[in-house]
Amino acid sequence: MSLAFKIFFPQTLRALSRKELCLFRKHHWRDVRQFSQWSETDLLHGHPLFLRRKPVLSFQGSHLRSRATYLVFLPGLHVGLCSGPCEMAEQRFCVDYAKRGTAGCKKCKEKIVKGVCRIGKVVPNPFSESGGDMKEWYHIKCMFEKLERARATTKKIEDLTELEGWEELEDNEKEQITQHIADLSSKAAGTPKKKAVVQAKLTTTGQVTSPVKGASFVTSTNPRKFSGFSAKPNNSGEAPSSPTPKRSLSSSKCDPRHKDCLLREFRKLCAMVADNPSYNTKTQIIQDFLRKGSAGDGFHGDVYLTVKLLLPGVIKTVYNLNDKQIVKLFSRIFNCNPDDMARDLEQGDVSETIRVFFEQSKSFPPAAKSLLTIQEVDEFLLRLSKLTKEDEQQQALQDIASRCTANDLKCIIRLIKHDLKMNSGAKHVLDALDPNAYEAFKASRNLQDVVERVLHNAQEVEKEPGQRRALSVQASLMTPVQPMLAEACKSVEYAMKKCPNGMFSEIKYDGERVQVHKNGDHFSYFSRSLKPVLPHKVAHFKDYIPQAFPGGHSMILDSEVLLIDNKTGKPLPFGTLGVHKKAAFQDANVCLFVFDCIYFNDVSLMDRPLCERRKFLHDNMVEIPNRIMFSEMKRVTKALDLADMITRVIQEGLEGLVLKDVKGTYEPGKRHWLKVKKDYLNEGAMADTADLVVLGAFYGQGSKGGMMSIFLMGCYDPGSQKWCTVTKCAGGHDDATLARLQNELDMVKISKDPSKIPSWLKVNKIYYPDFIVPDPKKAAVWEITGAEFSKSEAHTADGISIRFPRCTRIRDDKDWKSATNLPQLKELYQLSKEKADFTVVAGDEGSSTTGGSSEENKGPSGSAVSRKAPSKPSASTKKAEGKLSNSNSKDGNMQTAKPSAMKVGEKLATKSSPVKVGEKRKAADETLCQTKVLLDIFTGVRLYLPPSTPDFSRLRRYFVAFDGDLVQEFDMTSATHVLGSRDKNPAAQQVSPEWIWACIRKRRLVAPC
């Protein structure tokens, strides 16, 4: 009996039958003779199955992969080779035991411990130009969980023998894998059947060929897609798929000689919009003009150009001109005194200054009648944007001014300054165009495309009345999409209410937000404000993004870019991305943390829920360590879990968290995400705060033009005996307070003149103020609160500044001696960078750091308080108290300089054991009250409290509980505050019981009352 044999490959071993043998006689005879290279492993159809580890010789040099080959000896005269090359190049799997414990599971991201059985998926190596394969490792359970969710047509493990290396496994692992295979098969019983195996053919020379002409054996590079998501382009025709044609609908319908194109009519429209305070009325006025025109017989102007000019602050063009330069150039054109124009400019409106002096000019009078068109104005603005030399700019301005009336020129100057002063934004203008125009513009930032699609839809309606088509909202590649934003979240309960479906909690990276656009080999990077990002921050990403997204030829990514330390793997602080700062960190890389994908391979993903977008991102992106990485994100469904995360983030000194609804779509420009930062919690109790002196002021702009509305804040340096600048503060005052401060503040106008900067002030040139205080020791003290203390070399207080400053209180009870000085400011900065001993608990709405409260511990106002825990203050707390607490000042005021993350010596709360859901509220409150440390409101306050005071025992208990010191009557001279008569200590401040309760309610010291 002669021997015949059949060669199988792992994917088709069980699927093929004897009928599928392809006859040949001589080609593999050499392999059959070398029995010593084969070992018996199993039986197939009752016949012995042999395994050969070396590749079959006849396959060497062919396109087939080298792998374990199965040989079956069968009785008969025929021999055969099965499985065509298409099947042989399919996805492969292997199995072994982890050798070093360094490889991570591709699914769960955990390290696979040394000696643990693991399954590998053999995939093309995207990091090698020469091709080749690499292995993605999984835990056994993780692999089958991934296969369970894979598409029905995806290759799955159907038999143990399909795993290369299975014969080296222990029996336990074999049984475990076999059980997983059985479970997978039962769950996939209802899925579509696998496509039939393509039969291979043999040529007379023994070469394997495909019966399909031109069949390709190259593995597809298309992106992987998860079940239930079909990434197919929308062929509705609404999305911009090609460049806008040269002859647009907007310009084709325009009659340049019609008065709707005159700048005069445009000015009238702006004036009407500005005169109406109602936003709905503003929109209606613009809508009427775009539909009916100035004569009421229909609009005959250029819709796109009109809308574009109505939005100079949105569609911005750089003209390289500031207010002083404009005044300087027009003083030459009008032949008038530049100093007079500069003084008038202090009123805050450069366009009004130009109008006034244009009307007064004798040598260059305005035109008698306005005949300029908006097309001519647009051409002038385009020309001006290309000029950088003063002489050229002056000539261009002179040319256009010679044809302008005074009001025409005023309007043009406002267009140059990107502010028509209509008190209306893009939404009010675009809503007049179409109800969906604003949303479409936010998504694509392509105004011309939006206008063209609106006009196209209007044409369709004219042809087929009643068939109105809604304007689609689509992203436009290589054009920045307005980023989705986050609103402030002040409590855990508010977050749970806003995200009822659960949320993704993501670390808020302290970097710079970047929107990445890729179209083939072309890349664009846009900042949060939609401006191009500086090249040194993003230039190298073009080398790594193709590796991270091997299947993506076009995409839009939402991400954060920051500098990451290669040794520790931790991000470096905000501001280190600058050229000079980055040079100081030699062992650091600029890393892109990707947290969203809104466009991929010509498909917009904005209308997909976040959970699907995140899954899509993980399926299509490969992390490149310290270059392109996923942002850290965790799914949260319980309030206690969220509270724990907030606590951990604040304790680690990170910026905060961003919370996103798992079902939320990507809404450009909408604040539908939530951000949690320490200065939002507990009504700002965790914010960085300092008491600073008002050293100078600056003129405001717009509605605050001509008045002091921005203030230069600083502190005293005892070492140099000079005053240093800390920050510029423009927020915190309402209009009434600002109006009052114009008269209350003692200021001297110096108009940023360097020669008038006093010797006692250390200030850099960029912060020369318009006004300066004559004597800083008599200046006002304000409490300035910000997100955090930061480093800014532009300020002279040892480079310390405050990020996002605002004035939270005018400290009438303090003078320059009791304000924060430079050594104290340095201490506050150091404390703010240390880990905060702070715990967030899931309590009532608006009290994210206080949890609950028991009725017996409520003050007269009903504010929640609790008993002081019997814990000793930490060493750092004592140190801070010793450095910053001055119990007595010359005028009797208490020193209350505040630290950043906490008030000095203050612990908002200690860690408490989590309360299980379902326990009674009272029990939870008692637990929190037993473990929580009170605010140190009265630190440094020494109070004489007469025993005859009504409610004496209760006042004493609360005052001492909040870290106050009571003095006896014989020691009244050491008191800083006295309740009652001050005869024995006139220097002490006289207070009342209401003052104690007011301090407890507001959680800080208030002015004596």
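Every residue number used here counts from 1 along the chain in the order it is shown.
Using the three backbone atoms N, Cα and C, a Cβ is placed for every residue, glycine included.
According to Swiss-Prot:
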BINDING   GLU506, ARG513, ARG528, LYS660, ARG671, LYS675  ATP binding site
COMPBIAS  884-898  compositional bias 'Polar residues'
MOD_RES   SER210  phosphoserine
MOD_RES   SER216  phosphoserine
MOD_RES   SER227  phosphoserine
MOD_RES   SER242  phosphoserine
MOD_RES   SER913  phosphoserine
REGION    277-280  region 'Interaction with DNA'
REGION    318-323  region 'Interaction with DNA'
REGION    388-391  region 'Interaction with DNA'
REGION    421-427  region 'Interaction with DNA'
TRANSIT   1-42  transit peptide
ZN_FING   93-185  zinc finger
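Structure with Swiss-Prot features highlighted.
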residue	record	DSSP (3 states)
GLU506	ATP binding site	strand
ARG513	ATP binding site	strand
ARG528	ATP binding site	coil
LYS660	ATP binding site	strand
ARG671	ATP binding site	strand
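Comparing the binding-site residues LYS660, LYS675 on other C-beta atoms within 10 angstroms of each C-beta gives the minimum for LYS675. Most Cβ neighbours within 10 Å among the binding-site residues ARG513, ARG671: this distinction goes to ARG513. Taking DSSP states H, G and I as helix and E and B as strand, the region 'Interaction with DNA' (318-323) has 1 helix, 0 strand, 5 coil.
Here the region 'Interaction with DNA' (277-280) returns a mean pLDDT of 90 for the predicted model.
For GLU506 (ATP binding site), the count of additional Cβ atoms within 10 Å of its Cβ stands at 21 [all protein chains shown].
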